[in-house]
Every structure is written in C-alpha cells, then in structure tokens.
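Quick notes on the structure that follows.
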C-alpha cells in the first residue's frame, strides 16, 4: 500500500507564511517531525519526500506549480507511483472556517478553493481524503485575494501553530490507524 499526502500552496519566498500556504506549512511540519527531506522533482514540478510507516510507503508532496495547477502535479504523481485516489490526502486552507480550526473529510466539493478544483478536474473524482485548516474570512473591505495572499498576524500565527500541531498528530494517527473514519472521530470537533 502506498499513500500520498499533498500540501497545497504557492511556490516562492513571496508566498511563504501566507494564509494560502498553510497546506505547505502542514506538510513541512510533518516532514520535519519524521526527519525526512524534500527533493525537487523537476519532471513532476514538485518537492517530494518519502518514508515508510508500518511497511507502507508514504509520499509527502508540495507542488511547485501555482495553486490553480495543483491537479496536474497530483494526477501525474498518482499515475507514476500507481497510487489510488483513495490513498490520497490533501491539506489546504479554508476561508469558511475560523482561524486554526481543522476538519478532516473523506470527500466533497471544492468549496471555491481553486487548488481543490484543479485536483478534482484532473483526477476525475471528489472522493479523496482531505484536511482543511481554517484561515477565516477577510475583514470588511478586504478582497479574498488580498486575504489569502496575506500573512497571519501574530495572534493568528500562534493559533495556526497550534492547529499545525493538531494536523501533525491527526496525519500521524491516520497513517498508523489506516482509517480516515477513526481519524475524523478523533480529531474533528
């Protein structure tokens, strides 16, 4: 069995630590905690790291395309590594959830998220596991684009770091238990 954990974000230092890159932040934390390093795969346009957990190969991926083209990378890697969409988990930001709230889901629509729209369009299904991390709605008068491409303020960054710890625990639990249902029961709340 092989699994792939994908964090969504935009490449480049300009976007580091922005709200839209919270998926990258989560995968960075996982990779660091598991003492794995990323290597750049220019063919697939992604940073990829891997390890074995309970005799299962786990790939950790950060697409180096922009968010709206994440599906190209995900589809190519699923095909290359012969990974089923049932063994895909995507971590990404969610505007409609309070800052720092996390929610695991088995399937669902894109909910307006362009990275998820791209993945659904390229893999042909909405049925893949995901972890959504709340970044909150823009303040009055701020555009959605400026909000998602903005950085977290100090208080929100503290909240996000707590959320990233929870995501780290949830993903590790998921990889040990091999069950999204059990993980959802344990970590959704």
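The backbone N, Cα and C atoms fix where each Cβ goes, glycine too.
With a 10 A radius on its CB, residue 10 (site 'Discriminates between blocked and unblocked aminoacyl-tRNA') counts 21 other CB atoms from all the protein chains. The annotation site 'Discriminates between blocked and unblocked aminoacyl-tRNA' is assigned in Swiss-Prot to 10 on the grounds of sequence analysis.
The tRNA binding site annotation in Swiss-Prot covers 15, 66, 68, 114. Cβ-based neighbour count (10 Å, all protein chains) for residue 15 (tRNA binding site) stands at 18.
Residues or ranges marked as active site, proton acceptor in Swiss-Prot (evidence: sequence analysis): 20. Around the Cβ of residue 20 (active site, proton acceptor), 23 further Cβ atoms fall within 10 Å across all displayed protein chains. DSSP assigns residue 20 (active site, proton acceptor) to a helical segment in the three-state reduction.
In the three-state DSSP scheme, residue 93 (site 'Stabilizes the basic form of H active site to accept a proton') falls into the strand class. The feature site 'Stabilizes the basic form of H active site to accept a proton' is assigned by Swiss-Prot to 93.
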Recorded tRNA site residues 15, 66, 68, 114, farthest C-alpha pair in Å: 16
Residue 93 (site 'Stabilizes the basic form of H active site to accept a proton') and residue 15 (tRNA binding site), Cα-Cα, nearest whole angstrom: 14
Cα-to-Cα gap, residue 114 (tRNA binding site) vs residue 20 (active site, proton acceptor), nearest whole Å: 11
Residue 68 (tRNA binding site) and residue 93 (site 'Stabilizes the basic form of H active site to accept a proton'), distance between Cα atoms, whole Å: 13
For residue 66 (tRNA binding site): intrachain residues, at least 6 apart, with Cβ closer than 8 Å: 10, 11
